[in-house]
Number of protein chains: 2
Amino acid sequence: MTPRTPRTAPRDPKQDRSRATRRRLLEAAVACLAERGWAGCTVAVVAERAGVSRGAAQHHFPTREDLFTAAVEQVAEERSAELRALPARRGEGRVPAVVEALVTLYTGPLFRAALQLWVAASYEEQLGARVAALEAKIGRETHRMAVELLGADESVPGVREAVQGLLDMGRGLGLANLLTDDGHRRERVVAQWSRILEGILTTKAPAAPRPTRS
Amino acid sequence: MTPRTPRTAPRDPKQDRSRATRRRLLEAAVACLAERGWAGCTVAVVAERAGVSRGAAQHHFPTREDLFTAAVEQVAEERSAELRALPARRGEGRVPAVVEALVTLYTGPLFRAALQLWVAASYEEQLGARVAALEAKIGRETHRMAVELLGADESVPGVREAVQGLLDMGRGLGLANLLTDDGHRRERVVAQWSRILEGILTTKAPAAPRPTRS
């Protein structure tokens, strides 16, 4: 029932203004979350930040949950677009380039905003289910794109889990970067894990030793 | 100037009571953070939860920052104690057992509490520097223990970064477990990365291919 998705009617100036307002609100919501956390961001705070009246904000997003989940959905779409914009690359240098790009997704303001929402959702009941569903969707999409960009063959045992672990590492690196600039350490970790992953992805059989039978 | 560390004077009943009060406050603070986040936890809320008067709580912890950084320090000490309590293990099965134990540290209530504080510290100025210093200390200690438990030889190129990446992955897995029970997926990821890490740690030379010279 929320007017979250503008109808795809023929363009008219009123609708264009409405879309621009919505976009300003979403951008302000992401920036607010990244800077002030969930507790510091209400619809009123975001409206003021966006230079939009409170009434107009509430017309677009009737509840605080509507606004912030839409904002993180926006974050996710931007993250996907960033990934899709990566130049396709084959052969040498592909894995390190893709790993670096994936990890970069977790260290910018977009991840910071998502993290704030994610953590708030762990104790805000009304946010919980919506954010969990959203994060599951984002997780699947990111995994799918990582597999494609890396050219990973998931039919090889262990490759699927290796890619998943890489994305978990990206999230962990994002978290480590939250309070301090962790760039120098991260660079070395990413270089080493790129080499390890490259070893796994470029051999036909799994590079890691299989568990010994007892 | 805060009476955070009880003096090691001869024990007397009054001091014992004071220590017990302090401990109850710290436990209540950790539980509160994990359940309600920073915004939902004030000294008054924690005091009530601990069954301690507000005056007594403020005697132990003059500010909210004192209380919660002490609580997370407590978290860190408990995490270290859990790690030290792991049975020393050599040879086969050592790496998977240690990796599983390390990852478990990031999926319990202690990590949840630390995560809430960590995220709050990203926008609460008074909390920022203290939590950053604390997390750096915890990070170093966890790394040191991981190296020891894994029997990792950091003089071998890449081993240090491999262990760091593992801990980053653990943090990321903890984050993924925040909103939904991620146990099933995590189990497979951990099993695969244990095998990979075992391959790296049990060879004299780095197992991963070295970067090719251009």
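Backbone N, Cα and C atoms are what each Cβ position is placed from, and that goes for glycine too.
Whatever TrEMBL says is automated annotation, not expert-curated.
Listed in TrEMBL for this protein:
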- A:42-61: DNA-binding region (DNA_BIND)
- A:9-19: compositional bias 'Basic and acidic residues' (COMPBIAS)
- A:19-79: domain 'HTH tetR-type' (DOMAIN)
- A:1-20: region 'Disordered' (REGION)
Per the Cβ under 8 Å criterion, with at least 6 residues separating them from its ends, the DNA-binding region (A:42-61) contacts 2-4, 18, 21-22, 24-25, 27-29, 31-32, 36, 67, 70
Average pLDDT across the domain 'HTH tetR-type' (A:19-79), rounded to a whole number | 92
Would you list the DSSP helix, strand and coil counts for the residues of the domain 'HTH tetR-type' (A:19-79)?
-> 52 helix, 0 strand, 9 coil
